[in-house]
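As written in Swiss-Prot, here are the features:
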BINDING   N11, Q44, N64, G74, N75, N157, N190, E208, R209, G218, S219  substrate binding site
ACT_SITE  C73  active site, proton donor
ACT_SITE  C217  active site, proton acceptor
SITE      Y268  site 'Important for dimerization'
Amino acid sequence: MQFSKMHGLGNDFMVIDGVTQNVYLTEEVIRKLADRHRGVGFDQLLLVEPPYDPELDFHYRIFNADGSEVAQCGNGARCFARFVTLKGLTNKQDIHVSTAKGKMVLTLKDEEKVRVNMGEPIWEPAQVPFTANKFEKNYILRTDLQTVLCGVVSMGNPHCVLQVEDINLTPVNELGPLLENHERFPERANIGFMQVVNRNHIKLRVFERGAGETQACGSGACGAVAVGIMQGVLDNNVQVDLSGGSLQIEWEGVGHPLYMTGDATHIYDGFIKL
């Protein structure tokens, strides 16, 4: 099976063309491939499939390193767009794809940048999914470590966002799994720790569902900015600094799609026998 290794700000992916080759993956196979010592190693595996809808270009599937399938990965979406172009699967500048939970438009800006229409943030608790009687800008969550105030949103996957004073002093790897697996998130959640620098600039660490803390999380950056705008602490165009690099997030507010712009880097091509 042929594959490519790619990354978006250090969030690394194994990308597989399921259009021109037959691909059958089980959770066990994905976990073996994800092993950084005995396999290829990655945060997520991205699978390019033919479109289910003739008006679209591709279907986009994402698997975490633990083998679980998820509906969204923002950094992966940028790499997906770069991959299908590099492999000659399309020559379009605007690439229309479906995911498990909706549709996306991926736009190639230049040889480095890709702009992704992430769709509208979803706030209704039942659709996140999150257990709450109604939407609120802030929710209180209690854990064994501490009680936190957070915003909750779906960008095609569930995000819980906490505002912190200093991301370097925040116990991300202790608090992250407690919130990821909190009983009010029936499908678990990605946990964002957001430090507001000013109204157009934040620093962010993300503890990803099924992957732990990664160098960058595109949908996490989108979720954090959406929550910050909804809570009134951010403006509509925000630079998000993650340990792997920076993303630019734009959102005009409720009723509008959210846009993410950032790099997508090809590392190498490979072949592995399953």
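Every residue, even glycine, has its Cβ placed from backbone N, Cα and C.
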Top Cα neighbour of N64 (substrate binding site) in the set of recorded positions C73, C217, Y268: C73
Spatial neighbour of N11 (substrate binding site) that is closest, considering only the recorded positions C73, C217, Y268 and their CA atoms: C217
Neighbouring recorded positions, C-alpha within 10 angstroms of the residue listed as 'active site, proton acceptor' - of C73, N75, R209, Y268: C73, N75
Winner by Cβ contact number (other Cβ atoms within 10 Å) across the binding-site residues N11, N75, N190, S219: N75
C73 (active site, proton donor) and R209 (substrate binding site), Cα-Cα, nearest whole angstrom: 11
Inter-residue C-alpha distance, C73 (active site, proton donor) and N190 (substrate binding site) (nearest angstrom): 11
Spatial separation of Y268 (site 'Important for dimerization') from S219 (substrate binding site) - C-alpha basis, Å: 24
Nonlocal residues around Y268 (site 'Important for dimerization'), in sequence order (Cβ under 8 Å, 6 or more apart): S4, K5
Neighbour count (Cβ, 10 Å) for C217 (active site, proton acceptor): 35
Additional residues surrounding substrate, by Cβ distance to the N11, Q44, N64, G74, N75, N157, N190, E208, R209, G218, S219 centre under 8 Å: D43, I62, V70, Q72, C73, G76, V206, A211, T214, C217, G220
